[in-house]
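Worksheet: one structure, shown below.
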Amino acid sequence: MLKYICIPCGYVYDPEQGDPDNGIEPGTTFEDLPDDWECPICFVGKEDFEEVEE
């Protein structure tokens, strides 16, 4: 699964871990995150993330 990085703060969303503190189960792809999901560090929206090249 692809990881996504928050451009403003550098937080990396890893689908294998999800975001359990905000109700996002492990295994949730970035595309399947709710439209109103925000970066748990700096609170920007999904539009401020980009795919991480590995």
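Every residue gets a Cβ built from N, Cα and C, even glycine.
Annotations in TrEMBL come from automatic prediction, not curation.
Values in this document were obtained by computation on a predicted structure and should not be read as measured data.
Here's what TrEMBL has on this protein:
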- 1-52: domain 'Rubredoxin-like' (DOMAIN)
- Cys6, Cys9, Cys39, Cys42: Fe cation binding site (BINDING)
Most Cβ neighbours inside 10 Å, all chains, among the binding-site residues Cys6, Cys42: Cys6
Binding-site residues compared (Cys9, Cys39) - highest count of Cβ atoms within 10 Å: Cys39
Number of helical, extended and coil residues in the domain 'Rubredoxin-like' (1-52), per DSSP: 9 helix, 12 strand, 31 coil
